[in-house]
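A.B. asks: Structure below; questions to follow.
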Amino acid sequence: MILLDGKKTSADIKEEIALEVRDLKNKGADTPHLAAIIVGDDGASITYVNAKVKACELVGFESTLIRLPKDTTEEDLLNEIAILNIDKDIDGFIVQLPLPKHIDEQKILMAIDPDKDVDGFHPTNVGKMALNLPTFISATPFGILELLERYKVETSGKHVVVLGRSHIVGSPMSILLSQKRKVGNATVTMCHSRTKNLKEITLQADIIIAAIGIPEFLKADMVKDHVTVIDVGITRLEDASKKSGFRLVGDVAFDEVAKKSDFITPVPGGVGPMTIAMLLKNTLLACQRKS
Ligand code: GUN
């Protein structure tokens, strides 16, 4: 069993990006600049956004964090986006999700200039991704492709089973892996809450991508020997024995499934750390595209 180490791989990618930033600076070119908007005071969201800003500093990017109160109106948020859209200093920006209930998420995502949409959530960029045209691939699917590539996990001709049909993971993952691309050319089955005979399907999988948000859902009796497992789930479970008061659990019963796996991602330390590295990669791309 080989652990797909997202912590180490993301550190490698950040080092590569830092070298590219140094080159840009030496050439007198612009330094990549990422902005993030966060609305409200959700603890997990603040942690994620702070980690994104910290990662910018680490690789030598500039960053701007815009914190707005939880009662910010949709109109005010749209105004902030309009300002970032025309700000020449900003290469890319994100609006951290989820947003408070009174704000229409889709409307907000559609207001972002697709050329600055480093999350890859704008319909224009989702459409380009689906057509296999150059675009920003959103961070989680992009990170999974990168992990599979760097660990040389063969996907061509393999049967990939994707669990979950979310817009940010399951759906793009199933599209990308079926495409004619370096990490792709797979036969993909997408499963979701209405799927019947799920176990029958997962038992046929060479590669399983679990992205449903149900802790330890995938058990050893649902996978065949030599499977590759990518666990996207990350649920906080209360745990009084931890200083933080919680522990992080994936969608996979790791200990038992790992025994049957050739490759598997841990939680935490698998897909999670990759997402920030890929956001940085998209920001670098946005900056390079501009020049
Ligand atoms: N919330 C959880 N994941 C993400 C992400 O990748 N981007 C944004 N903007 N919000 C998120």
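Yeah, the Cβs are placed from backbone N, Cα and C, and that goes for glycine too.
Any TrEMBL annotation is an automated prediction that lacks curation.
Features from TrEMBL:
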- GLY164, ARG165, SER166, ILE234: NADP(+) binding site (BINDING)
- 4-119: domain 'Tetrahydrofolate dehydrogenase/cyclohydrolase catalytic' (DOMAIN)
- 138-290: domain 'Tetrahydrofolate dehydrogenase/cyclohydrolase NAD(P)-binding' (DOMAIN)
A.B. asks: Please state how far apart, in Å and to a whole number, the two most distant Cα atoms are among GLY164, ARG165, SER166, ILE234, the recorded NADP(+)-binding residues.
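C.D. replies: Between the outermost Cα atoms of GLY164, ARG165, SER166, ILE234, the distance is 16 Å.
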A.B. asks: Counting all other Cβ atoms within 10 Å across every protein chain shown, which of the binding-site residues GLY164, ILE234 scores highest?
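C.D. replies: Ranked by Cβ atoms within 10 Å, first place goes to GLY164.
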A.B. asks: Which number gives the other C-beta atoms within 10 angstroms of the C-beta of ARG165 (NADP(+) binding site), all protein chains shown included?
C.D. replies: 18
A.B. asks: Going along the chain, which residues six or more apart from SER166 (NADP(+) binding site) have their CB under 8 A from its CB?
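C.D. replies: ALA211 - these are the non-local Cβ neighbours of SER166 (NADP(+) binding site), listed in sequence order.
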A.B. asks: Can you tell me how the residues of the domain 'Tetrahydrofolate dehydrogenase/cyclohydrolase catalytic' (4-119) break down into helix, strand and coil by DSSP?
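C.D. replies: Looking at the domain 'Tetrahydrofolate dehydrogenase/cyclohydrolase catalytic' (4-119) with DSSP, the answer is 61 helix, 19 strand, 36 coil.
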A.B. asks: Mean pLDDT for the domain 'Tetrahydrofolate dehydrogenase/cyclohydrolase NAD(P)-binding' (138-290), as a whole number?
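C.D. replies: Across the domain 'Tetrahydrofolate dehydrogenase/cyclohydrolase NAD(P)-binding' (138-290), the average pLDDT comes out at 97.
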